[in-house]
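A short worksheet on the structure shown next.
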Amino acid sequence: GHIFGGPGSGKGTQCEKIVAKYGYTHLSSGDLLRAEVASGSERGKQLQAIMQKGELVPLDTVLDMIKDAMIAKADVSKGYLIDGYPREVKQGEEFEKKIGAPALLLYVDAKAETMVQRLMKRGETSGRADDNEETIKKRLDLYYKATEPVIAYYEKRGIVRKINSELPVDEVFAIVVKAIDELK
Ligand SMILES: Nc1ncnc2c1ncn2[C@H]1C[C@H](O)[C@@H](COP(=O)(O)OP(=O)(O)O)O1
Ligand SMILES: [Mg+2]
């Protein structure tokens, strides 16, 4: 399934707990991209410039990275947890064409102020170039404009489970567990 939500909503935090409990293969598009940047490759340098501006990297680049990572784990995986993708409806359509339809979309929902506060706090230690006030604003704008519409695309199929991420981490996780277990 996919885990979906704004920047700082708590996707990564919940993914860690999901992986510990269910053993799914966690694929964070952001982490894959940041690994490419860290490798120092030419492609990584181009990606870094885009991410630093808070913009979306080209669709095919992210999707190919996810697909490669899925294939690499195909024979050992108990299931995939795709984190931070799709970021726009077009990406969702491409994912379905090239990979398939997700079984579940966990929509980790928090208020804009909450997300900003969490990201500013995370920025104190994360070392992430995009966890600064200016880029956070742009990421939130982009989230509301481009990414949130993705929900409607999946809602039609009845696979969206909205999770209140204003709650403490463990309470959020309890709701997540319920959503996953209902599916099994
Ligand atoms: N339910 C919650 N309550 C309080 N803080 C939370 C929370 N979920 C996550 N956080 C904190 C952990 C991080 O420092 C920050 C952003 O969380 P994250 O998991 O990195 O978000 P995302 O991966 O969606 O960007 O907020
Ligand atoms: Mg994350």
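Glycine is treated like the rest: Cβ placed from N, Cα and C.
R122 is the only one of R87, R122 that TrEMBL places in the ATP site (with G8, S9, G10, K11, G12, T13, L167).
Between the candidates R139, R157, TrEMBL assigns the AMP site shared with S29, R34, E55, L56, V57, G84, Y85, P86, R87, Q91, R128 to R139. In the structure as shown, the Cβ atom of R128 (AMP binding site) sits within 10 Å of 14 other Cβ atoms. Ligand 1 lies under 6 Å from the Cβ of none of the binding-site residues S29, E55, R128.
Helix, strand and coil residue tallies for the region 'NMPbind' (28-57), in that order: 21 helix, 1 strand, 8 coil [DSSP].
Close contacts with ligand 2, defined as a Cβ under 6 Å from any of its atoms, occur at G12 among the binding-site residues G10, G12, V57, Y85, R122.
Sorting the region 'LID' (121-131) by DSSP state (H, G, I as helix; E, B as strand; all else coil) yields 6 helix, 0 strand, 5 coil. Taking the C-alpha atom of K11 (ATP binding site) as reference, the shortest distance to any of the binding-site residues E55, Y85, R128 belongs to Y85.
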